[in-house]
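If you check Swiss-Prot, you get these features:
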{"type": "ACT_SITE", "residues": "288", "note": "active site, proton acceptor"}
{"type": "BINDING", "residues": "130, 131, 132, 133, 134, 135, 136, 137, 138, 153", "note": "ATP binding site"}
{"type": "DOMAIN", "residues": "124-502", "note": "domain 'Protein kinase'"}
{"type": "TRANSMEM", "residues": "501-521", "note": "transmembrane segment"}
{"type": "TRANSMEM", "residues": "522-542", "note": "transmembrane segment"}
């Protein structure tokens, strides 16, 4: 380890111990040296004994900085890893840190724009940041070319070495989990960290975020439900992104929305519709839709429109995942647990040798109590949570796209019910899901598939005679090869039969000769001839097996 990594490790250990997080170390024989070592660090006492463990963990992660904050946020969606009181605290982690010097941001912008001063590209650049988070910071300006208001997002300077050092330490912790926890191997901690690392590295590349925003904007062009600000790609690079500045009401400011005369019921329902449209129509969804990234337009409050920002994290589902997910939801709300179990096996989410009856019973045991509530109060996010947690007990592989989906659904559901507590999410989503499934099967789906494949077949049509001829020729060659193999197998079978026959005769002659040699010495050379003939027969039979 480098001196910098050693210093960072010392700071992390000191922070963990000052919040009493050594309580998380299980009391096992393998952890005894670790627990004894903790007692030797007597000058690092728990300074927050009055707070519960979950809150202490949250505060410690916030003190450790961006990597640990975002890691805690991701872990809050994996409720199979922690009890509820800890997972609930992790969900409260806020990605807010002190801003860095605006002059440094200005230097980074100038470096990204070829060394020219900021004034060559932008007017009214505000050295004071509009917002600051753990990964990046945002400043306002106007484009010199057309006078439009923009925001400039800049990656924090020197953050990459800190992220790499912290990730290395988190990987080491993850490798210890299977040794420390009886159920640690099933939780696949290294895969969890690998998934987190990918998400974090993606966030550090603002070109990727720019591309995501452009795609989402195109998907919802002219939509009455969602607006994505325009990105100016000519000004974007890995460390800098320039996009249209928007003005809206934060979705969490319910009082301001009501004061503006917003149709809260329609707004809540549109949030659900936006989510399911992204997932099932576009197969491309904004996976970081927490309240800080969602605004509502001031215009047309009777016909409200969301504004989405910060598209660094997106998710996608393939066609099979979408179908299985939609059918899972419908089967669950119809209480068809057998269908839910079969869908998990058919999709490959759980191993093919899973006992479907046991899996069905486990799902029923966990999920049936949910239906004690009125349907309008049932949480889609917690339905997914219960299903995935149960499936993990049956060795469900970690599905990163489903983890992102579950997190996003929990955000959307929370926002929707904050806006309109009577929101019946199932009533809003069911017609969409049923319509989508209907559209994927039957005659309309077949006609659409034929239309989609028509250009391919038109292109291949001139090659069809040659392809048929090649297939016939390969078929004849294949038949010839099969016949040849069959003849060789038959010949081997005959040789094996002859071999066994000669080996049997040889063994019989050798045994007979030995018996006569012992019991009838007066027979002279006869026993010797029998033994010699037996050895010859045995040798010939052995050669045929070679």
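Numbers here mean position along the shown chain, with the first residue as 1.
Placement of Cβ uses the backbone N, Cα and C atoms for every residue, glycine included.
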Counting other C-beta atoms within 10 angstroms, the emptiest spot among the binding-site residues 130, 136, 138 is 130
Could you measure between residue 132 (ATP binding site) and residue 288 (active site, proton acceptor) for me? Cα positions, answer in whole angstrom. 17
Nearest-integer angstrom distance between the alpha carbons (Cα) of the residue listed as 'active site, proton acceptor' and residue 136 (ATP binding site): 15
Restricting to the domain 'Protein kinase' (124-502), report the mean pLDDT as a whole number. 82
Same-chain neighbours of the ATP site, Cβ within 8 Å of the mean position of the Cβ atoms of 130, 131, 132, 133, 134, 135, 136, 137, 138, 153 and not counting those residues, run in sequence order as 99, 129, 154, 156
So residue 134 (ATP binding site), by the Cβ count within 10 Å over all chains shown, scores 20
Across the recorded positions (132, 288), the Cβ with the fewest other Cβ atoms inside 10 Å is that of 132
DSSP says residue 136 (ATP binding site), in three-state terms, is strand
